[in-house]
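Written out below as structure tokens is the structure these notes cover.
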Amino acid sequence: MFLELDSVGRTFVLERRKHTEELCVLEGISFGVAEGSFVAICGPSGCGKSTLLRLIHGLQQPDAGEIRVRGERVTAPSLDRGMVFQHHNLMPWRTVIRNVELGLEAQKLSKAEARSRAERWLDKVGLSDFASYYPAQLSGGMQQRVGLARALAIDPAILLMDEPFGALDAQTRVLLQEELERIWEANAKTVVFITHDIEEALFLADRVIVMSARPGRIIADIAVDAARPRREQWRAAPEFAQLKGEIWKLLRSGQQEALLEEVSP
Amino acid sequence: MTAVAEAASTQAKPRERWTDNKWVQRAIVWGALLALYELLAIILGDFYLASLEDIVSGFGQIVEEGRIPTVLTSLEHLLVGFALAAAVGIPIGVAMGRSFVVDQVIGMYVRGLFVTSLAALLPLLIILFGVGFRFQVAVVFLFSVFFVIVNTAAGARAVPRQLMRTAEAFCVSPTRRFTAVVLPSSLPYIVIGLRLAVANAYTGMVLAELWVGVGTGGILKNMGQNRDLPKFFAMVLLITALAAFSSYLIRVLEKRLMPWAKEVRAA
Ligand SMILES: Nc1ncnc2c1ncn2[C@@H]1O[C@H](COP(=O)(O)OP(=O)(O)OP(=O)(O)O)[C@@H](O)[C@H]1O
Ligand SMILES: [Mg+2]
């Protein structure tokens, strides 16, 4: 497998004034992702999706199990994996183009090369006219697109996206989803995409992994075998609605289970 | 530029009335204050307050008596002391803000000296440095450095963790993270520290000179003792104006260094 998670777990220790509290966020997460496939992870808020993505990226370490990319254990961030954050996390003091260049600075590229690469990706997310703007002068959707261009510019083998379109209005979201599908088709990257929007997951992914409420566990792994390019027809297909209902039920039962466990430990 | 970008840059401004102009407003306020002062000066008489005309002629006398080079020498001490304070204070502040250990080790002394009356240390400084150039610079330095340190530390502490983590995620090396994230993020705080520091540097400069009776402070001391009020007021005004101008210069620098803040505000 290209990307492998092997019974990954993560517990946070919270320092209170007199005692410490343990919060188990992820438990026994195992799955594999084939090269070039698009996996969406769905789960209720607070179930540890962002944490899981940070573990895959190498920003944080799991305290149980192991994560491997091409058979090699992940221990630190690498430019092999590009992250699009839940909040755009752009540097306010950098112009749009300089933000896109952030990851290119660690690569051994000449200035001109980095600039032209950043320009190319900015163009692909439709923002070449805004290269010299500061992030605060852009709309929320534009900021997210800069974040996407920044991750794509380093040309990572794996693209990790954390609810990148979560804060956007419905129309902009759909537009960006289509844009993302197009970019992904053209570049054949492996994508792990976090979302709590079932439709978004079904529209984009080859596979939808459903997680339970905290502690996050995998409760289902559903294949989405629709032909590509999908565009709008797929959203209107009966299979789409059926899968949507199935995942919706899973999410609800997962959440109820967690609630029951909390009541009677 | 596209139509979108153009529309953003050519926003229609609401029409301004002449009373909205800040210089008109300032002229009105200053004019009123000056008139009030002149009235007070007439009532109290020139034993207590110098009238405006006297102050203006007092200024002429200062220039004629060749006092300006003395003021320039004082400014030189100020500049050296302040530059040292910035050069020492910013790195210490950043280190304090970013490192728990450094904060524990030197933070105590910094905060202690920050609240100490530095004027009380002047006799000690004279013992250490004499009464010349080094003493003047040392006082200016001590009067300004703590404002730089304390504010810079606050700024370095307030760097958003998210942005540090983002830099890490894109493999920006720890040393590069300092220049790429910590410094620009702390810059607004550093500038506030520098502005407070420059105001205090003037206080330190005059105080040090008053103590040993040289330079600009020495001139002020003489004028006060001789009850040379017009010249005395002119001198005080000159120093105030210089201090205000220095603070203004730092604000200009701020706009230069932080174009993102300016452009966002204007948008
Ligand atoms: N650094 C941390 N220290 C302590 N607890 C943490 C930390 N990071 C995350 N958590 C906890 O882990 C849990 C999962 O957080 P995470 O951000 O992964 O959720 P999420 O699934 O991404 O939720 P959302 O959909 O709302 O973004 C939360 O309960 C949170 O309080
Ligand atoms: Mg999250």
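Every residue number used here counts from 1 along the chain in the order it is shown.
Any Cβ shown, glycine's included, is placed from N, Cα and C.
The annotation domain 'ABC transmembrane type-1' is assigned in TrEMBL to B:71-250.
The transmembrane segment feature in TrEMBL is assigned to B:27-50 (among others).
For B:78-96 (among others), the entry in TrEMBL reads transmembrane segment.
The feature transmembrane segment is assigned by TrEMBL to B:108-129 (among others).
Annotated transmembrane segment per TrEMBL: B:135-156 (among others), in sequence order. Counting same-chain residues at least six beyond the ends of the transmembrane segment (B:135-156), those with a Cβ under 8 angstroms from any Cβ of the stretch are 74, 77-78, 80-82, 84-86, 88-90, 92-94, 96-98, 103, 107, 110-111, 113-114, 118, 121-122, 125-126, 128-129, 182, 185-190, 192-194, 196-198, 200-201, 203-205, 207-209, 212, 215.
Within its own chain, the transmembrane segment (B:177-196) is flanked in space by residues 86, 89-90, 93-94, 97-98, 147-152, 154-156, 158-160, 163-164, 167-168, 247, 250-251, 253-254, 257-258, 261, which lie at least six positions past its ends and keep a Cβ under 8 Å from the stretch. Positions annotated as transmembrane segment by TrEMBL: B:177-196 (among others).
For B:232-250 (among others), the entry in TrEMBL reads transmembrane segment.
The list of residues near the transmembrane segment (B:27-50) in space but at least 6 beyond its ends in sequence, with Cβ under 8 angstroms from a Cβ of it, reads 58, 227, 229-230, 232-233.
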